[in-house]
């Protein structure tokens, strides 16, 4: 009854109006699962391959009909007949069928769509919530959200190099309360921006993209919004985080961090040592608790030096640096580079490999932050993954745009369903920091 009888993929649109995949899996019992695949704007060079058609006459070359065909004509034939509950066997079968180290033959987008749909079909068959199916009876921790309320870098037209300015309600007592704090700060920030005559249109992830005078102007404006909303900045209230996305402005030939790429003539050009000094200055000055991709993805010496300098005080998250890949994470652990990993399901391409990366991180004392992509859909699977793994943190955008709010609303439902069992750890989610 739990045997897969049909697998079907179609091309749909993501939050940027670009094509992506939606996959459906059906079983003998009538149980059904659907998965939709996200897409990134700033991508690590070591990520699994997102297969696009390349036909410039259709969706500017971004069509996904090849990936759709791979699901309908190759993957479907291979996994029909499997028990839908055997997630690992199905994921391993797809990896073997692809046969490349980066899923470049079938496409990570094709494989991931199936992987998510299989898990959802299994949960439907067992008549349990997805987070419960994936995580078992010990599922209880609601994630502390990283809320990207100001967009810069590749996610907006704002003249700021850092890609994301985030708030984290670490002092809240429940996820529901944390979400309210974030929403109130978001609206307070909008009011402040209007009063300054700054743009209040939002970027890809729902954050504002105003033309601030620089990084510090952005941080100080957010701090004013926190105060205006009636909260305090710091460990008992709301803390700040950055996604520097440093690989986006790192000049490989000159080996410098060239801020002029986004901030224009006269902006800083920093060596690795100067980049670390700059980040330390910001940490000393502001209530910053997390920095993502503070160094270029291939600047291993820089990462190690940054971790030695700030690793006991601040969460240093590897996104492009680790690309949700256990090989890169294992090296980072061995060389003591970073102390946290960003988890993006489409960087690696299956739920099995995603869970392996989270488990490896936790065993090494690294934190794991489950994350969306800038090109999202209404699919809320990452909310369930965050709770299923007791990850403790989630990064899924600002307090606007349905593609972001869908994840927050799912977390509200989960917290409600868990009732008294639910835990929101807030500042304790940063369990490997010394302060």
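All positions are counted from 1 along the displayed chain.
Every residue, even glycine, has its Cβ placed from backbone N, Cα and C.
The (2R)-2-phosphoglycerate binding site annotation in Swiss-Prot covers 163, 344, 373, 374, 395 and is backed by sequence analysis. Same-chain residues at least 6 positions away in sequence with a Cβ under 8 Å from that of residue 395 ((2R)-2-phosphoglycerate binding site) are, in sequence order, 145, 146, 148, 166, 342, 369, 370, 371, 372. In the three-state DSSP reading, residue 395 ((2R)-2-phosphoglycerate binding site) counts as strand.
The DSSP secondary structure for residue 205 (active site, proton donor) is coil. Around the Cβ of residue 205 (active site, proton donor), 31 further Cβ atoms fall within 10 Å across all displayed protein chains. Residues or ranges marked as active site, proton donor in Swiss-Prot (evidence: sequence analysis): 205.
Sequence annotations record features per position, and here Swiss-Prot assigns Mg(2+) binding site to 243, 292, 319 based on sequence analysis. Here the Cβ of residue 319 (Mg(2+) binding site) has 30 other Cβ atoms within 10 Å, regardless of which shown protein chain they belong to. Following the DSSP three-state reduction, the secondary structure of residue 319 (Mg(2+) binding site) is coil.
Residues or ranges marked as active site, proton acceptor in Swiss-Prot: 344. Other C-beta atoms found within 10 angstroms of the C-beta of residue 344 ((2R)-2-phosphoglycerate binding site) number 26, with every protein chain shown included.
With respect to residue 205 (active site, proton donor), the closest of these binding-site residues in Cα terms is 374, chosen from 163, 243, 319, 344, 374. Residue 319 (Mg(2+) binding site) has 344 nearby among the binding-site residues 163, 344, 373, 374, counting only those with a Cα within 10 angstroms of its own Cα.
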